[in-house]
(Lines of atoms letter the chains of each structure in order from A; the text may use other names.)
(Lines give C-alpha, C1' and ligand atoms only; values in the text may rest on other atoms or scores of the structure.)
Protein backbone atom coordinates (compact mmCIF):
# COMPACT_ATOMS: atom_id res chain seq x y z
CA UNK A 1 0.00 0.00 0.00
CA UNK A 2 1.48 3.37 -1.06
CA UNK A 3 1.00 6.46 1.11
CA UNK A 4 0.37 9.88 -0.44
CA UNK A 5 2.91 12.64 0.17
CA UNK A 6 0.65 14.24 2.82
CA UNK A 7 0.06 10.92 4.61
CA UNK A 8 3.80 10.25 4.60
CA UNK A 9 4.49 13.67 6.17
CA UNK A 10 1.84 13.11 8.86
CA UNK A 11 3.22 9.66 9.68
CA UNK A 12 6.75 11.07 9.96
CA UNK A 13 5.55 13.80 12.34
CA UNK A 14 3.67 11.24 14.46
CA UNK A 15 6.79 9.03 14.64
CA UNK A 16 8.93 12.05 15.56
CA UNK A 17 6.48 12.99 18.34
CA UNK A 18 6.55 9.38 19.64
CA UNK A 19 10.39 9.36 19.68
CA UNK A 20 10.51 12.73 21.45
CA UNK A 21 7.86 11.93 24.08
CA UNK A 22 9.63 8.66 24.95
CA UNK A 23 13.04 10.31 25.26
CA UNK A 24 14.71 8.70 22.22
CA UNK A 25 16.65 11.92 21.50
CA UNK A 26 19.48 10.56 19.30
CA UNK A 27 17.04 8.44 17.29
CA UNK A 28 14.81 11.51 16.87
CA UNK A 29 17.75 13.62 15.65
CA UNK A 30 18.78 10.96 13.12
CA UNK A 31 15.18 10.45 11.98
CA UNK A 32 14.50 14.18 11.50
CA UNK A 33 17.73 14.53 9.54
CA UNK A 34 16.98 11.52 7.29
CA UNK A 35 13.35 12.56 6.75
CA UNK A 36 14.33 16.22 6.22
CA UNK A 37 11.84 17.40 8.83
CA UNK A 38 11.55 20.81 10.52
CA UNK A 39 12.60 21.00 14.18
CA UNK A 40 9.17 21.87 15.59
CA UNK A 41 6.25 19.40 15.56
CA UNK A 42 2.72 20.83 15.88
CA UNK A 43 0.66 20.00 18.96
CA UNK A 44 -1.96 18.05 16.99
CA UNK A 45 0.56 15.23 16.47
CA UNK A 46 0.98 14.64 20.23
CA UNK A 47 0.17 10.99 21.00
CA UNK A 48 -1.15 10.46 17.47
CA UNK A 49 0.86 7.29 16.79
CA UNK A 50 -0.45 5.58 19.96
CA UNK A 51 -4.02 6.65 19.12
CA UNK A 52 -3.76 5.23 15.60
CA UNK A 53 -2.20 2.05 16.95
CA UNK A 54 -4.94 1.41 19.54
CA UNK A 55 -7.73 2.28 17.10
CA UNK A 56 -6.30 -0.23 14.60
CA UNK A 57 -6.34 -2.94 17.30
CA UNK A 58 -9.91 -1.96 18.26
CA UNK A 59 -11.04 -2.08 14.63
CA UNK A 60 -9.27 -5.40 14.13
CA UNK A 61 -11.19 -6.86 17.09
CA UNK A 62 -14.48 -5.51 15.70
CA UNK A 63 -13.71 -7.00 12.29
CA UNK A 64 -12.91 -10.38 13.88
CA UNK A 65 -16.15 -10.27 15.92
CA UNK A 66 -18.16 -9.40 12.80
CA UNK A 67 -16.44 -12.14 10.80
CA UNK A 68 -17.28 -14.67 13.52
CA UNK A 69 -20.91 -13.49 13.58
CA UNK A 70 -21.09 -13.66 9.78
CA UNK A 71 -19.65 -17.19 9.72
CA UNK A 72 -22.18 -18.20 12.38
CA UNK A 73 -25.06 -16.64 10.41
CA UNK A 74 -23.94 -18.33 7.17
CA UNK A 75 -23.75 -21.68 8.95
CA UNK A 76 -27.27 -21.21 10.33
CA UNK A 77 -28.59 -20.05 6.95
CA UNK A 78 -27.15 -23.12 5.22
CA UNK A 79 -28.59 -25.47 7.81
CA UNK A 80 -31.95 -23.72 7.55
CA UNK A 81 -31.88 -22.83 11.25
CA UNK A 82 -34.63 -20.55 12.57
CA UNK A 83 -33.74 -16.97 13.42
CA UNK A 84 -34.19 -15.37 16.81
CA UNK A 85 -37.68 -14.07 16.01
CA UNK A 86 -38.97 -17.53 15.12
CA UNK A 87 -37.25 -19.38 17.95
CA UNK A 88 -38.95 -19.15 21.33
CA UNK A 89 -36.84 -18.11 24.36
CA UNK A 90 -37.07 -21.70 25.63
CA UNK A 91 -34.90 -22.68 22.67
CA UNK A 92 -32.35 -19.84 22.77
CA UNK A 93 -28.82 -21.14 23.18
CA UNK A 94 -25.44 -19.40 23.60
CA UNK A 95 -23.92 -18.16 20.33
CA UNK A 96 -20.36 -17.13 19.54
CA UNK A 97 -18.55 -14.84 19.76
CA UNK A 98 -18.62 -14.03 23.49
CA UNK A 99 -20.27 -10.69 24.21
CA UNK A 100 -17.62 -9.84 26.83
CA UNK A 101 -14.31 -11.31 27.92
CA UNK A 102 -13.55 -9.95 31.40
CA UNK A 103 -10.05 -9.85 32.84
CA UNK A 104 -8.91 -8.89 36.34
CA UNK A 105 -8.26 -12.09 38.26
CA UNK A 106 -4.61 -13.06 38.68
CA UNK A 107 -5.18 -16.84 38.88
CA UNK A 108 -7.60 -19.42 37.42
CA UNK A 109 -11.35 -18.85 37.84
CA UNK A 110 -12.97 -21.56 39.96
CA UNK A 111 -16.64 -20.55 39.84
CA UNK A 112 -19.00 -18.11 38.09
CA UNK A 113 -22.52 -17.38 39.31
CA UNK A 114 -25.39 -15.04 38.37
CA UNK A 115 -27.11 -12.95 41.04
CA UNK A 116 -30.77 -14.06 41.38
CA UNK A 117 -32.13 -10.49 41.18
CA UNK A 118 -29.63 -7.84 40.00
CA UNK A 119 -27.87 -7.72 36.63
CA UNK A 120 -24.57 -8.73 38.21
CA UNK A 121 -22.54 -11.90 38.47
CA UNK A 122 -19.70 -13.03 40.70
CA UNK A 123 -16.51 -14.89 39.92
CA UNK A 124 -14.34 -16.78 42.42
CA UNK A 125 -10.67 -17.43 41.82
CA UNK A 126 -7.56 -19.17 43.06
CA UNK A 127 -6.20 -15.63 43.67
CA UNK A 128 -8.26 -15.72 46.95
CA UNK A 129 -10.72 -13.03 45.77
CA UNK A 130 -14.30 -12.77 44.56
CA UNK A 131 -15.08 -10.20 41.87
CA UNK A 132 -18.45 -8.66 41.02
CA UNK A 133 -19.26 -7.69 37.42
CA UNK A 134 -22.23 -6.21 35.56
CA UNK A 135 -22.99 -8.82 32.89
CA UNK A 136 -25.10 -6.41 30.77
CA UNK A 137 -22.39 -3.75 30.38
CA UNK A 138 -19.27 -5.84 31.04
CA UNK A 139 -18.22 -3.40 33.79
CA UNK A 140 -16.15 -4.50 36.78
CA UNK A 141 -17.83 -3.41 40.02
CA UNK A 142 -15.73 -4.50 43.01
CA UNK A 143 -13.52 -7.12 44.66
CA UNK A 144 -14.33 -8.97 47.89
CA UNK A 145 -11.19 -9.81 49.87
CA UNK A 146 -10.97 -11.88 53.04
CA UNK A 147 -9.99 -15.43 52.17
CA UNK A 148 -6.30 -16.31 52.43
CA UNK A 149 -6.28 -19.12 49.84
CA UNK A 150 -8.15 -20.14 46.67
CA UNK A 151 -11.91 -19.44 46.74
CA UNK A 152 -13.54 -22.68 45.55
CA UNK A 153 -17.28 -21.98 45.36
CA UNK A 154 -19.92 -19.28 45.94
CA UNK A 155 -23.68 -19.35 46.54
CA UNK A 156 -26.45 -16.73 46.86
CA UNK A 157 -29.52 -17.05 49.06
CA UNK A 158 -32.83 -16.83 47.16
CA UNK A 159 -33.23 -13.05 47.61
CA UNK A 160 -29.58 -12.40 46.74
CA UNK A 161 -29.01 -10.48 49.99
CA UNK A 162 -26.34 -12.88 51.22
CA UNK A 163 -23.38 -14.45 49.44
CA UNK A 164 -21.54 -17.46 50.87
CA UNK A 165 -18.02 -18.41 49.80
CA UNK A 166 -15.73 -21.30 50.71
CA UNK A 167 -12.02 -21.68 50.38
CA UNK A 168 -8.90 -23.82 50.53
CA UNK A 169 -8.16 -21.79 53.71
CA UNK A 170 -10.69 -24.22 55.35
CA UNK A 171 -13.26 -21.50 56.10
CA UNK A 172 -16.71 -20.50 54.87
CA UNK A 173 -17.47 -16.78 54.74
CA UNK A 174 -20.82 -15.02 54.69
CA UNK A 175 -21.03 -11.64 52.93
CA UNK A 176 -23.77 -9.00 53.15
CA UNK A 177 -24.42 -8.28 49.45
CA UNK A 178 -25.77 -4.79 50.22
CA UNK A 179 -22.73 -3.52 52.15
CA UNK A 180 -20.24 -6.09 50.77
CA UNK A 181 -18.96 -6.74 54.30
CA UNK A 182 -17.83 -10.13 55.57
CA UNK A 183 -20.37 -10.66 58.38
CA UNK A 184 -19.42 -14.19 59.49
CA UNK A 185 -16.61 -16.72 59.12
CA UNK A 186 -17.31 -20.39 59.86
CA UNK A 187 -14.63 -22.87 60.91
CA UNK A 188 -15.07 -26.63 61.28
CA UNK A 189 -13.75 -28.47 58.23
CA UNK A 190 -10.30 -30.05 58.52
CA UNK A 191 -9.28 -29.50 54.89
CA UNK A 192 -9.98 -27.49 51.71
CA UNK A 193 -13.71 -26.52 51.58
CA UNK A 194 -14.63 -27.19 47.95
CA UNK A 195 -18.35 -26.43 47.77
CA UNK A 196 -21.06 -24.36 49.43
CA UNK A 197 -24.83 -24.02 48.83
CA UNK A 198 -27.70 -22.21 50.58
CA UNK A 199 -30.74 -24.16 51.76
CA UNK A 200 -33.91 -22.76 50.09
CA UNK A 201 -35.24 -21.33 53.40
CA UNK A 202 -32.09 -19.22 53.75
CA UNK A 203 -31.51 -20.19 57.41
CA UNK A 204 -28.94 -22.89 56.74
CA UNK A 205 -25.93 -23.51 54.53
CA UNK A 206 -24.43 -26.77 53.26
CA UNK A 207 -20.71 -27.25 52.62
CA UNK A 208 -18.49 -30.05 51.28
CA UNK A 209 -14.80 -30.60 51.85
CA UNK A 210 -11.67 -32.52 51.03
CA UNK A 211 -11.99 -33.89 54.60
CA UNK A 212 -14.64 -36.27 53.05
CA UNK A 213 -17.56 -34.72 54.98
CA UNK A 214 -20.60 -32.55 54.22
CA UNK A 215 -21.68 -30.10 56.91
CA UNK A 216 -24.85 -28.12 57.57
CA UNK A 217 -24.47 -24.70 59.22
CA UNK A 218 -26.99 -22.52 61.04
CA UNK A 219 -26.50 -18.97 59.76
CA UNK A 220 -27.84 -17.20 62.86
CA UNK A 221 -25.17 -18.74 65.11
CA UNK A 222 -22.52 -19.86 62.62
CA UNK A 223 -22.55 -23.31 64.25
CA UNK A 224 -22.33 -26.65 62.44
CA UNK A 225 -25.59 -28.50 63.22
CA UNK A 226 -25.19 -31.67 61.09
CA UNK A 227 -22.35 -33.66 59.52
CA UNK A 228 -23.00 -36.14 56.69
CA UNK A 229 -20.36 -38.87 56.39
CA UNK A 230 -20.06 -41.68 53.86
CA UNK A 231 -17.89 -40.53 50.97
CA UNK A 232 -14.51 -42.25 50.91
CA UNK A 233 -12.63 -39.38 49.24
CA UNK A 234 -12.67 -35.61 48.70
CA UNK A 235 -16.27 -34.32 48.27
CA UNK A 236 -16.15 -32.00 45.25
CA UNK A 237 -19.62 -30.46 44.98
CA UNK A 238 -22.81 -30.36 47.05
CA UNK A 239 -26.19 -29.06 45.81
CA UNK A 240 -29.60 -28.92 47.52
CA UNK A 241 -32.82 -29.69 45.61
CA UNK A 242 -35.57 -27.07 45.18
CA UNK A 243 -37.62 -27.89 48.28
CA UNK A 244 -34.59 -28.48 50.50
CA UNK A 245 -35.50 -32.08 51.36
CA UNK A 246 -32.59 -33.73 49.53
CA UNK A 247 -28.97 -32.90 48.91
CA UNK A 248 -26.68 -34.41 46.29
CA UNK A 249 -22.92 -34.68 46.53
CA UNK A 250 -20.19 -35.94 44.22
CA UNK A 251 -16.71 -37.07 45.04
CA UNK A 252 -13.25 -38.27 44.06
CA UNK A 253 -14.53 -41.73 45.09
CA UNK A 254 -16.32 -41.73 41.67
CA UNK A 255 -19.81 -41.76 43.22
CA UNK A 256 -22.75 -39.41 43.50
CA UNK A 257 -24.70 -39.65 46.75
CA UNK A 258 -28.19 -38.36 47.52
CA UNK A 259 -29.00 -37.65 51.18
CA UNK A 260 -32.24 -37.04 53.06
CA UNK A 261 -31.58 -33.74 54.86
CA UNK A 262 -33.95 -34.43 57.77
CA UNK A 263 -32.28 -37.62 59.02
CA UNK A 264 -28.87 -37.61 57.22
CA UNK A 265 -29.74 -40.95 55.59
CA UNK A 266 -27.98 -41.75 52.29
CA UNK A 267 -30.98 -42.39 50.00
CA UNK A 268 -28.94 -43.40 46.92
CA UNK A 269 -25.36 -44.09 45.90
CA UNK A 270 -24.92 -43.70 42.15
CA UNK A 271 -21.83 -45.50 40.90
CA UNK A 272 -21.57 -45.65 37.10
CA UNK A 273 -18.83 -43.03 36.54
CA UNK A 274 -15.31 -44.31 35.96
CA UNK A 275 -13.38 -41.33 37.34
CA UNK A 276 -13.72 -38.40 39.79
CA UNK A 277 -17.20 -36.80 39.60
CA UNK A 278 -16.66 -33.02 39.40
CA UNK A 279 -20.12 -31.44 39.17
CA UNK A 280 -23.84 -32.04 39.71
CA UNK A 281 -27.08 -30.15 38.96
CA UNK A 282 -30.68 -30.82 40.04
CA UNK A 283 -33.28 -30.52 37.28
CA UNK A 284 -35.61 -27.53 37.75
CA UNK A 285 -39.32 -28.33 37.53
CA UNK A 286 -39.43 -26.91 33.98
CA UNK A 287 -37.32 -29.90 32.88
CA UNK A 288 -39.27 -32.73 34.50
CA UNK A 289 -41.83 -33.04 31.69
CA UNK A 290 -39.10 -33.17 29.04
CA UNK A 291 -37.12 -35.81 30.96
CA UNK A 292 -40.24 -37.94 31.55
CA UNK A 293 -40.86 -37.82 27.78
CA UNK A 294 -37.35 -39.14 27.14
CA UNK A 295 -37.93 -41.99 29.59
CA UNK A 296 -40.80 -43.38 27.54
CA UNK A 297 -44.53 -43.92 27.97
CA UNK A 298 -44.37 -46.56 30.70
CA UNK A 299 -42.53 -44.16 33.02
CA UNK A 300 -44.24 -40.93 31.97
CA UNK A 301 -46.04 -40.50 35.28
CA UNK A 302 -42.73 -40.09 37.07
CA UNK A 303 -41.86 -36.57 38.08
CA UNK A 304 -38.29 -37.04 39.25
CA UNK A 305 -36.36 -35.67 40.93
CA UNK A 306 -33.69 -35.83 38.23
CA UNK A 307 -29.99 -35.07 38.58
CA UNK A 308 -27.06 -34.46 36.22
CA UNK A 309 -23.46 -35.37 36.97
CA UNK A 310 -20.29 -34.49 35.06
CA UNK A 311 -17.06 -36.42 35.47
CA UNK A 312 -13.38 -36.66 34.62
CA UNK A 313 -14.39 -39.74 32.59
CA UNK A 314 -15.52 -37.06 30.02
CA UNK A 315 -19.22 -38.02 30.28
CA UNK A 316 -22.41 -36.45 31.61
CA UNK A 317 -24.98 -38.74 33.20
CA UNK A 318 -28.65 -38.11 33.91
CA UNK A 319 -30.18 -39.92 36.89
CA UNK A 320 -33.71 -40.70 38.06
CA UNK A 321 -33.30 -40.31 41.82
CA UNK A 322 -36.56 -42.11 42.65
CA UNK A 323 -35.05 -45.36 41.31
CA UNK A 324 -31.30 -44.62 41.34
CA UNK A 325 -31.18 -45.51 37.63
CA UNK A 326 -28.96 -43.76 35.06
CA UNK A 327 -31.37 -42.61 32.32
CA UNK A 328 -28.67 -41.65 29.81
CA UNK A 329 -24.99 -40.92 29.27
CA UNK A 330 -23.90 -38.05 27.01
CA UNK A 331 -20.53 -38.59 25.33
CA UNK A 332 -18.65 -35.96 23.32
CA UNK A 333 -16.24 -33.92 25.44
CA UNK A 334 -12.54 -34.67 24.90
CA UNK A 335 -11.51 -33.95 28.48
CA UNK A 336 -12.86 -33.64 32.04
CA UNK A 337 -16.40 -32.24 32.40
CA UNK A 338 -16.14 -29.40 34.93
CA UNK A 339 -19.56 -27.75 34.89
CA UNK A 340 -23.09 -28.71 33.91
CA UNK A 341 -26.37 -26.71 33.94
CA UNK A 342 -29.95 -27.23 32.76
CA UNK A 343 -31.37 -24.80 30.22
CA UNK A 344 -34.23 -22.89 31.95
CA UNK A 345 -36.50 -23.87 29.03
CA UNK A 346 -35.96 -27.52 29.92
CA UNK A 347 -34.92 -28.89 26.51
CA UNK A 348 -31.14 -28.58 26.71
CA UNK A 349 -28.17 -29.22 28.95
CA UNK A 350 -25.10 -26.96 28.74
CA UNK A 351 -21.69 -28.23 29.86
CA UNK A 352 -18.17 -26.83 30.31
CA UNK A 353 -15.01 -28.87 29.99
CA UNK A 354 -11.23 -28.96 30.20
CA UNK A 355 -11.33 -29.43 26.40
CA UNK A 356 -11.84 -25.59 26.42
CA UNK A 357 -15.37 -25.85 24.97
CA UNK A 358 -18.92 -25.43 26.11
CA UNK A 359 -21.43 -27.81 24.58
CA UNK A 360 -25.19 -27.58 24.14
CA UNK A 361 -26.89 -30.99 24.37
CA UNK A 362 -30.30 -31.83 22.93
CA UNK A 363 -30.79 -34.62 25.45
CA UNK A 364 -34.08 -35.85 23.98
CA UNK A 365 -32.09 -37.00 20.94
CA UNK A 366 -28.93 -37.70 22.98
CA UNK A 367 -26.80 -35.51 20.72
CA UNK A 368 -24.51 -32.51 21.01
CA UNK A 369 -26.31 -29.73 19.13
CA UNK A 370 -23.59 -27.07 19.36
CA UNK A 371 -19.96 -26.76 20.42
CA UNK A 372 -18.48 -23.36 21.27
CA UNK A 373 -14.72 -22.85 21.44
CA UNK A 374 -14.98 -20.92 24.68
CA UNK A 375 -11.55 -20.29 26.21
CA UNK A 376 -7.79 -20.46 25.68
CA UNK A 377 -7.44 -22.93 28.56
CA UNK A 378 -9.57 -25.33 30.66
CA UNK A 379 -13.17 -24.17 31.09
CA UNK A 380 -13.86 -24.61 34.82
CA UNK A 381 -17.36 -23.26 35.49
CA UNK A 382 -20.63 -22.32 33.80
CA UNK A 383 -23.95 -20.72 34.79
CA UNK A 384 -27.17 -20.05 32.84
CA UNK A 385 -29.34 -17.10 33.90
CA UNK A 386 -32.82 -18.14 35.06
CA UNK A 387 -34.66 -15.46 33.05
CA UNK A 388 -32.24 -13.33 30.99
CA UNK A 389 -30.68 -14.75 27.80
CA UNK A 390 -27.12 -15.06 29.12
CA UNK A 391 -24.58 -17.78 29.90
CA UNK A 392 -21.31 -17.12 31.75
CA UNK A 393 -18.14 -19.21 31.84
CA UNK A 394 -14.87 -19.09 33.78
CA UNK A 395 -11.50 -20.55 32.90
CA UNK A 396 -7.94 -21.33 33.91
CA UNK A 397 -7.06 -18.60 31.35
CA UNK A 398 -8.16 -16.16 34.14
CA UNK A 399 -11.05 -14.69 32.11
CA UNK A 400 -14.80 -14.67 32.64
CA UNK A 401 -16.86 -14.69 29.44
CA UNK A 402 -20.45 -13.57 28.90
CA UNK A 403 -22.35 -15.31 26.08
CA UNK A 404 -25.62 -14.04 24.63
CA UNK A 405 -28.34 -16.58 23.85
CA UNK A 406 -30.50 -16.29 20.75
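Placement of Cβ uses the backbone N, Cα and C atoms for every residue, glycine included.
A Cβ distance under 8 Å defines the sequence-distant neighbours of the domain 'LisH' (7-39), meaning residues of its chain 6+ beyond its ends; these are 45-50, 52. Swiss-Prot lists 7-39 with the feature domain 'LisH'.
Beyond the ends of the coiled coil (54-81), by six or more residues, the same chain brings 95-97 to within a C-beta distance below 8 angstroms of the stretch. Here Swiss-Prot flags 54-81 as coiled coil, drawing on sequence analysis.
Taken from Swiss-Prot, the feature repeat 'WD 1' covers 104-145. This prediction places the mean pLDDT of the repeat 'WD 1' (104-145) at 97.
The repeat 'WD 2' feature in Swiss-Prot is assigned to 146-185.
Look at Swiss-Prot and you will find 188-227 tagged as repeat 'WD 3'. Tertiary proximity for the repeat 'WD 3' (188-227) is limited to same-chain residues at least six positions away from its ends with a CB under 8 Å from its CB atoms, namely 152-159, 162, 164-168, 170-172, 174, 233-240, 242-244, 247, 249, 251, 259, 261, 264.
Remote same-chain residues near the repeat 'WD 4' (230-269) are listed as 153, 191-192, 194-201, 206-210, 212-214, 216, 275-282, 284-285, 305, 307, 309, 311, 319, 321, 324 (criterion: CB distance under 8 Å, separation of at least six residues from the stretch ends). Positions annotated as repeat 'WD 4' by Swiss-Prot: 230-269.
The feature repeat 'WD 5' is assigned by Swiss-Prot to 272-329.
Annotated repeat 'WD 7' per Swiss-Prot: 374-406, in sequence order. Secondary structure of the repeat 'WD 7' (374-406) per DSSP, as helix, strand and coil residue counts: 0 helix, 19 strand, 14 coil.
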Annotated stretches the repeat 'WD 7' (374-406) and the repeat 'WD 2' (146-185) touching (3 or more Cβ pairs under 8 Å): no
Tally of DSSP helical, extended and coil residues in the repeat 'WD 3' (188-227): 0 helix, 23 strand, 17 coil
Secondary structure tally of the repeat 'WD 5' (272-329) (DSSP, helix then strand then coil): 14 helix, 23 strand, 21 coil
Chain residues outside the repeat 'WD 2' (146-185) and at least six past its termini with a C-beta under 8 angstroms from it: 107, 110-111, 113, 115-118, 122, 124-130, 132, 191-198, 200, 202, 205, 207, 209, 217, 219, 222, 237
